[in-house]
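According to TrEMBL:
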REGION    1-27  region 'Disordered'
COMPBIAS  11-27  compositional bias 'Basic and acidic residues'
DOMAIN    209-625  domain 'Major facilitator superfamily (MFS) profile'
TRANSMEM  260-277  transmembrane segment
TRANSMEM  284-304  transmembrane segment
TRANSMEM  310-332  transmembrane segment
TRANSMEM  344-364  transmembrane segment
TRANSMEM  370-389  transmembrane segment
TRANSMEM  448-470  transmembrane segment
TRANSMEM  482-503  transmembrane segment
TRANSMEM  510-529  transmembrane segment
TRANSMEM  535-560  transmembrane segment
TRANSMEM  572-594  transmembrane segment
TRANSMEM  600-621  transmembrane segment
Amino acid sequence: MHSSTQPSPEYEEKSTKHIPENQSQEEKLQAKVLTTYATTTTTTITTATAITTTNGQRGSIDSTAIISHQRHLGSRDSNGGPPIDTPYIQTTATANSNANMTNPSDDDGNDDETDVIGVLIGHFGKWQFLMTMLLSLFQVPNTFHISSSVYQAANKEFWCRRPLHLQHLLVDVWRNLSNSHDNCFQNQLDWNGITNDTIEQLQQHPQQPPPALKVLWQLNNTRIACTAWEYESNDNVGNSWTSQWDLVCDKEYLKNVAEMFFLLGVATGGIISGYLSDKFGRKTMLFISAVLQTIFGLALYFAYSFEMYITLRALLGLVSVSVTYSGLILAIEYVDGKWRTIAGMYNLFPLPISYMLISGIAYLTQDYQRLQLCIGIPGIFLCFLWFVVPESPRWLLVKGRIDEVKRIVEAAAAFNKRDLPTNYETMLQPPTQEVSSQDFMCLFRSSYLRRITICFLCIWFTMNLAYYGFILNMSTFGGNVYLNSALAGLVEIPAIAIAMYIISKVGKKWLFSATLVCAGIACCCAAITEGQEDILWLKITFIMIGKFTISAGNTIMPVYTAELYPTAIRNVGVGACNVAAGLALILTPYLSLLNKIEDHLLMSLLTAWCLFGGFVVLFLPETMKRHTKTKPAEEK
């Protein structure tokens with residue numbers, strides 16, 4: 001049975017006894033509200049998508065209130081339960097009596113879950129803004145690496161290699177001469193026996209092979225596989241995986257294998273990064289992963305073996321997702337209350353900017369090795385942020401490393417121009433930690449949990465398949481791949497901004513469903529215009545509309561997931577969702593093969609999945625910015 005969190009009369013009387021009679025009613029209320037504690041222990045955020053979105057009103061707090069909080073650490077709850085050692089405080093009234101502790105940015109909504117760190121350094125100030133902004137820069141190399149395959153694995157026009165003495169032949173003439181229009185097989189002929197007259201006649205009439213050539217074909221109609229190829233050099237693509245390792249014909253599938261290895265690393269890293277971040281610390285895991293990401297990224301420049309290349313790509317994906325998760329966890333643990341949602345969402349703003357940057361870099365370099373060097377170098381400079389970015393003070397407090405917490409709190413408070421009470425050290429007590437034995441099966445132990453788990457598994461699979469289906473297949477949509485990628489990044493900026501604004505005002509259910517349905521409609525319109533070169537611009541327009549709406553949905557999804565899962569099993573739930581997302585990522589590189597089967601198949605598949613995802617969202621409960629105090633029975 002869920003224990004009441006209301007204090008007993010005796011507890012309330014003791015907690016207010018020390019307040020002088022000459023204090024104002026507001027000051028008395030400040031000290032009194034600090035006696036209401038949550039009975040659950042503090043849980044750390046262990047995945048990037050588990051963004052805490054508890055909402056309510058915060059205020060600064062004076063030294064009297066802090067003394068009151070410390071005095072009652074260890075007091076038993078109203079039901080005679082164990083001592084309450086959690087540093088989290090539930091505030092229910094505005095407290096602005098102490099001018100030194102007041103911060104204009106701390107004015108939030110009602111019922112905000114705050115903690116000691118937020119009380120001391122402020123919920124969001126200049127220090128938090130600077131730190132979260134610096135952490136968002138780690139998204140730049142991550143985005144570079146995940147989208148680089150669009151340019152590095154770009155398709156190139158190719159044909160069977162011409163003999164040395166026939167290099168002067170036009171490509172179309174050579175294809176007719178060798179009967180190699182499929183660019184993978186050619187007739188087995190003695191090229192030295194081809195007379196100049198035959199070649200001259202073929203050049204004059206490339207579509208009408210001369211009689212002498214037809215006779216040669218009839219005498220030897222054996223077709224053999226080409227063993228070497230030549231590639232178009234003036235195609236604005238340059239040297240790619242295709243031309244470097246001859247990934248054409250029966251080897252073309254290896255490009256998808258190379259990308260699958262990278263995304264397999266991403267999927268694996270997404271599952272284990274939360275555990276490692278909890279064990280070794282957010283900052284430690286962030287910078288270990290960032291250093292390894294830089295090493296692997298630069299090592300790819302020197303990898304001339306395809307086997308070595310895909311191995312390094314897999315390792316790069318493994319550490320890149322750890323950079324993303326650790327950096328995002330650190331960013332949202334620097335702030336408090338509703339600012340965790342905001343910090344987690346504006347951490348995504350470097351993504352679209354990075355998409356535009358890499359399209360420009362790829363256009364200027366037009367070589368997969370030079371591009372790899374350019375996107376690997378920025379990681380070197382980010383590693384120097386080790387001396388600027390501190391560890392998460394909340395994680396340190398949970399681990400009992402009080403001296404380190406004090407140094408960070410003092411530096412942050414000074415930067416935010418907040419005065420610390422002389423006895424603030426007494427507030428920094430590590431919370432009591434309970435060992436959780438929750439496993440995957442706990443997600444199906446009630447009708448509420450079964451419903452949201454099944455829905456979110458489908459939604460996360462759909463969202464990742466559609467979102468990365470747009471990003472990683474930009475070169476297959478037609479038109480200029482550099483312009484398409486830049487536009488796809490550009491439309492994501494307002495998508496993230498609009499989503500951030502709307503979900504802070506209204507519920508997420510209908511908006512989330514609408515983004516997926518609109519993306520499905522846009523994909524359907526793009527499928528209708530597929531194959532019509534005269535209206536290619538219209539197809540690209542529909543694709544950009546789909547990218548806009550799916551980007552907005554991708555911003556809402558992690559926040560919505562974190563809100564609906566109860567705190568005790570939130571990490572297990574998000575971890576299960578990451579498995580579904582990983583499966584979608586592994587399948588994404590193979591979506592480009594659908595167009596080889598039928599022109600409309602790729603966009604038709606994305607249409608079906610987006611509409612399916614929008615339909616599944618309707619089975620989820622609504623969640624508003626300001627939560628009611630009534631929780632689902634299953635969560636209680």
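Cβ coordinates come from backbone N, Cα and C, glycine included.
Caution: TrEMBL annotation is automatic and unverified by curators.
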Same-chain residues near the transmembrane segment (482-503), Cβ under 8 Å, at least 6 residues beyond its ends: 147, 150-151, 236, 342, 345-346, 348-349, 351-356, 358-360, 362-363, 470-471, 474, 511, 515, 540, 543-544, 547-549, 551-553, 555-556, 559, 625
Stretch-averaged pLDDT - the domain 'Major facilitator superfamily (MFS) profile' (209-625): 84
Intrachain residues whose Cβ lies under 8 Å of the transmembrane segment (370-389), provided they are six or more past its termini: 131, 134-135, 137-138, 140-141, 144-145, 148, 151-152, 283, 286-287, 290-291, 293-294, 297-298, 300-301, 330, 358, 361-362
Positions whose Cβ lies under 8 angstroms from the transmembrane segment (448-470), at least six residues beyond its ends: 263, 442, 488, 516, 519, 523, 543, 546-547, 550-551, 553-554, 557, 561, 564-565, 569, 573, 576-578, 580-581, 583-585, 587-588, 591, 602, 606, 609-610, 612-613, 616-617, 619-621, 632-635
For the transmembrane segment (572-594): best-contacting stretch of 260-277, 284-304, 310-332, 510-529, 535-560, by Cβ pairs under 8 Å: 260-277
Folded-back contacts onto the transmembrane segment (510-529), same chain, C-beta under 8 angstroms, at least six residues removed: 462-463, 466, 477, 499, 502-503, 535-536, 538-539, 542-543, 545-546, 549-550, 552-553, 556-557, 560, 600, 603-604, 606-611, 613-615, 617-618, 622
Best-contacting stretch, by C-beta pairs under 8 Å, relative to the transmembrane segment (260-277) and drawn from 284-304, 310-332, 535-560: 310-332
